[in-house]
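As given in Swiss-Prot:
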type	residues	note
BINDING	12, 13, 14, 27, 73	substrate binding site
BINDING	31, 35, 38	[4Fe-4S] cluster binding site
BINDING	40	Mg(2+) binding site
DOMAIN	18-216	domain 'Radical SAM core'
């Protein structure tokens, strides 16, 4: 199987449970959503340049880096043709810790039964993204404490909706919850004040540290 890879690189993980740790990133082309704040829209364009790589070539590249954390991202990695075959191959290497960044619109059910199963960082798209109608709340039951559900917020309206979802589905008992500001649209201070005012326990404010270290628009970091 060939996969459309638009980027592959080693950097620190800018967010999530492994924030600040080295990771090897594999970014795939194409996404089924069109979030208005997306910082990788270029990877979803029809004419984006990509390299076709087999699962064995991807694994070989990962092993050559010597990095154990692996982040599959996009685009939407779970929509890649043959992604189960790639995940199965990666799962056979017990030294690798595979994380999948997924947008919340694809069912996770078919991606759980691996010996060395990947972890998920799953978005829940909020109203300001204009993509909330595509969210699959049925995915919540598949998440556990090695996973993350991420709420990317642009406004107080988004924060209130995130709080409603966290409460309705009792998410803090199931998985890790991160709230991340859309860069340049809402201040971290506003989020902290909201968390304090609403007693949001077991919720983590996440700042994308790669956008602090490098230019926010820089690729390959």
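Cβ coordinates are placed from backbone N, Cα and C, and glycine is handled just like the others.
Residue 27 (substrate binding site) counts 22 other C-beta atoms within 10 Å of its own C-beta, drawing on all protein chains shown. If you compare Cα positions, residue 27 (substrate binding site) sits closest to 40 out of the binding-site residues 35, 38, 40. The binding-site residues listed here (13, 14, 73) include no residue with a Cα within 10 A of the Cα of residue 35 ([4Fe-4S] cluster binding site).
Rounded to a whole value, the Cα-Cα separation of residue 40 (Mg(2+) binding site) and residue 14 (substrate binding site) is 14 Å. Mean pLDDT, taken over the domain 'Radical SAM core' (18-216), works out to 94 on the 0 to 100 scale. In sequence order, 31, 44 constitute the residues six or more apart from residue 38 ([4Fe-4S] cluster binding site) in its chain with CB-CB distances below 8 Å.
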